[in-house]
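Visitor: One structure, as structure tokens, below. Some questions next.
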């Protein structure tokens with residue numbers, strides 16, 4: 001059985017206190033389901049920066065991810081968070097180039113590339129997000145957009161050490177989900193552009209009801225999950241319902 005990589009992206013949700021409540025609830029679920037979880041998945045949550053410390057020393061095999069990081073190592077960059085700060089909190093993964101960062105904070109492929117390069121130097125695993133808008137999808141430009149984003153974001157990087165998350169923008173938080181075949185086709189294309197060894201996730205309204213069919217696809221190695229990861233019971237159901 002190939003284990004899937006499940007990363008819950010909490011976005012700007014939850015507080016330090018509610019994160020501790022999540023951990024307590026997940027601890028109870030883990031005691032019942034740990035064998036299944038660990039057989040089927042590697043699992044992590046990307047909490048807001050302020051909540052990472054609440055999960056730092058968990059003994060549940062629950063890995064930590066950050067939602068962004070700076071491409072500067074340290075210095076007078078108010079509001080930025082460095083790779084070393086993340087490492088000190090036992091963070092394993094960092095999400096880069098999420099469509100919401102691109103939309104609201106003018107994130108560019110070039111900056112994603114600089115961040116990913118630094119992450120790899122620091123032994124953090126970057127999760128580089130790519131995906132098309134609804135307009136681009138309807139115009140048949142999905143692969144064209146994804147190819148351009150990957151070319152710039154992964155320039156001169158070891159693609160076998162980078163995780164790529166395909167998140168069609170039209171499916172993020174909308175309740176719309178790409179069909180399993182669409183997701184499979186694009187994830188397969190990403191592997192063709194990068195490497196068969198590159199881990200490719202799908203993200204976009206993934207939940208416990210559709211994850212079985214999606215996880216049955218040959219080239220989908222995991223999932224970047226939003227709202228369905230905020231509650232411990234929902235997060236648990238994701239792993240239990242994997243193929």
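Every residue gets a Cβ built from N, Cα and C, even glycine.
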Visitor: Which single residue out of 28, 31, 153, 205 does Swiss-Prot record at the substrate site shared with 9, 10, 11, 173, 226, 227?
Guide: 205
Visitor: Can you grab the distance from residue 226 (substrate binding site) over to residue 98 (active site, electrophile)? Cα atoms, rounded to a whole Å.
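Guide: Cα-Cα, rounded: 12 Å.
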Visitor: Provide, as an integer number of angstrom, the distance between the C-alpha atoms of residue 9 (substrate binding site) and residue 167 (active site, proton acceptor).
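Guide: Between the alpha carbons of residue 9 (substrate binding site) and residue 167 (active site, proton acceptor) there are 12 Å.
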Visitor: For the C-alpha pair, I'd like the distance in angstrom between residue 227 (substrate binding site) and residue 167 (active site, proton acceptor), rounded off.
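Guide: Roughly 14 Å, rounded to the nearest whole number.
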Visitor: Taking every protein chain in this structure into account, which of the recorded positions 11, 98 has the most other Cβ atoms within 10 Å of its Cβ?
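Guide: Of the recorded positions 11, 98, the highest Cβ count within 10 Å belongs to 98.
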Visitor: Taking the mean position of the Cβ atoms of 9, 10, 11, 173, 205, 226, 227 as the substrate site, which residues outside that list, in the same chain, have a Cβ no more than 8 Å away, listed in sequence order?
Guide: 13, 172, 225, 228, 229, 230
Visitor: By a 10 A CB contact count over all chains shown, which of the binding-site residues listed here is most packed: 173, 226, 227?
Guide: 226
